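Q: Please see the structure below; I have some questions.
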Amino acid sequence: MTKERVDEYQPLLVKGPDRQRPKYPNKSLFLAVCAACIGGTFQYGYNISVINAPTQYVQDFINQTWRARYQTGISGDVLTLLWSTIVSMFTLGGFLGVTIGGTLSVKLGRKGTLLANNIFALMAALLMGLSYPAGVFELLIIGRLFTGINAGIALCVQPLYLAEIAPTSIRGAMGMGTSVFITGGILTGQVIGLKELLGREEYWPILLSTTCIPAFLQLLILPWFPESPRYLLIDKGDEEGCKKALKQLHGMAACDDEREDIEKEKNNLTGLQAKKPWELFTDRSLRWQLLTIVVLNIAQQLNGINAIYFYADYVFRQSGIPVDKIPYVTVGTGACECITALTCGMLIECLGRKVLITGGYTLMCICCILFTLTLTFQDVSPIFPYLSMACVFAFILSFGLGPGGVTNILTTELFTQNTRPAAYMIAGSVNWLSFFFIGMIFPFIVLGLKQYCFLVFLVVCCSVGTYIFLVVPETKNKTFLEIQNEFLSSNKRKACSSDGAGTTLLSTSI
């Protein structure tokens, strides 16, 4: 490589002791991230929020269909059961999707799985769009199941793809694409669901079928970008394909160093096959990494963010906001979370993962205490409802700044190529089961403890923040092998010395 060719890329490179590291993504890498995310985690966020706007209209449709079939009105309990089934099918589908996502990512590749996953989104859009003209509300149940499967696979495979196509120096920032597009999907669903757009009664079938648009966009754009270079070289042994992919994604100046890192990891994994999820539980060298992702993914659902959104409407009403204006304020919470995710993406390579996620949980602890106090004294002074509203936004900001974005990145970085898909299957399964669990018990927690339920979330946030501070190493600007070595040496030295079973991965030169 000539000196002139290197200088051509100089503005985007940061000189280190042994290598030149890209500071910003080039255009091809940035577009590849967007193409992966628009049909991936954007769909997850979009389908979480878009179902809220037509709630009453869908329930009226179920009632009308029931009356037409059986010549009698539906009982309130049955209607509630059917609506709960429609909503909960998304969670069930997500769990099913994540259990097959890791396997598909090994067999079809990361990019191939993302493209194939759009089949579920298109089928869901078709079924939900036809439910009203066909007069069959059961199509909504099946459609929501398919949207869940689509979301489950995307949450499992897309972070893999982003982490494996990004240079080490900006892997965190590129990995934040997952969080940015989730929050962007939530915000888009909230905006599209406003009455000025598709939030009116006659438009609800169209609203639910708009999930096909991101799917079509991904099918049009993603094929122009390469498969994960790590997958091509380590899993498939395709050296030429890996080299071509790195040149397209990283440019000529940065591809050699990244290929060297991939070669080192391949050498350390020679003869090892991709592990199954149950094999991770029996591997003592991975027990701390596994415990970490389980703790982080449980905490992501049980840290109180769902309770904040539950209380948001009540707080907004207490603050004097008219009921018909609350959806617009809710859009403000979505915009707040989206902006915070973008901010986290800009800060993550500067401050590091550990600082952001620990700081996020610390701020959430403070917000839990303040929110409990402001809700308790809600009627004492007119100022307390406004303080409660400030706590809502502060909690959302704190969540987006750390736990909301960094959790997925750590799941990627704590594992190497042969264990990463299985780790995502476990992390995703835990996350979806926790999502289902909190959905089942949360109403009872609120009913029993009222505003004091945030003391439970305080304990969760405090415990997880302490665990991260004591156990999880910083992963910024480190290769996957370096992270693995540091994690093993800092957390398993005593265990390894006692049973003699620990072996540190070697970063061998080619």
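Cβ from N, Cα, C; glycine included.
Quick paste of what TrEMBL says about this protein:
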type     : residues : note
TRANSMEM : 29-46    : transmembrane segment
DOMAIN   : 33-476   : domain 'Major facilitator superfamily (MFS) profile'
TRANSMEM : 81-102   : transmembrane segment
TRANSMEM : 114-135  : transmembrane segment
TRANSMEM : 141-161  : transmembrane segment
TRANSMEM : 173-192  : transmembrane segment
TRANSMEM : 204-225  : transmembrane segment
TRANSMEM : 290-311  : transmembrane segment
TRANSMEM : 326-348  : transmembrane segment
TRANSMEM : 355-377  : transmembrane segment
TRANSMEM : 383-410  : transmembrane segment
TRANSMEM : 422-446  : transmembrane segment
TRANSMEM : 452-472  : transmembrane segment
Q: Apart from its near flanks, which chain residues at least 6 from the ends of the transmembrane segment (355-377) lie with a Cβ under 8 angstroms of it?
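A: Distant Cβ neighbours of the transmembrane segment (355-377) are 299, 303-304, 308, 311, 315, 344, 347-348, 384-385, 387-388, 391-392, 394-395, 397-399, 401-407, 410, 450-452, 454-455, 457-458, 461-462, 464-465, 468-469, 474.
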Q: Pairs 6 or more apart in sequence, C-beta under 8 angstroms, 3 or more of them: is that satisfied by the transmembrane segment (204-225) and the transmembrane segment (29-46)?
A: yes
Q: Output the single range from 173-192, 290-311, 383-410 maximising the number of Cβ pairs under 8 Å to the transmembrane segment (422-446).
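A: Ranked by Cβ pairs under 8 Å, first place goes to 290-311.
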Q: Take the C-beta pairs under 8 A between the transmembrane segment (141-161) and each of 29-46, 114-135, 290-311, 326-348. Which stretch has the highest count?
A: 114-135
Q: Ranking 81-102, 114-135, 173-192, 326-348, 383-410 by the number of C-beta pairs under 8 Å to the transmembrane segment (290-311), which range is first?
A: 383-410
Q: Same chain, outside the transmembrane segment (326-348) by at least 6, Cβ under 8 Å from its Cβ: which residues?
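A: Cβ under 8 Å, 6 or more out: 49, 53, 172-173, 176-177, 179-180, 182-184, 186-187, 190-191, 193-194, 199, 309, 312-313, 316-317, 356, 392-393, 396-397, 399-402, 404-406, 409, 476.
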Q: Under an 8 Å Cβ to Cβ limit, what residues of the same chain, 6 or more beyond the ends of the transmembrane segment (29-46), are close to it?
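A: Those are 94, 111, 114, 117-118, 121, 147, 150-151, 154-155, 157-158, 161-162, 165-166, 174, 177-189, 211, 214-215, 217-219, 221-222, 224-226, 249-250, in sequence order.
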Q: Mind looking up the mean pLDDT for the domain 'Major facilitator superfamily (MFS) profile' (33-476) in the predicted model?
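A: Value for the domain 'Major facilitator superfamily (MFS) profile' (33-476), mean pLDDT as a whole number: 88.
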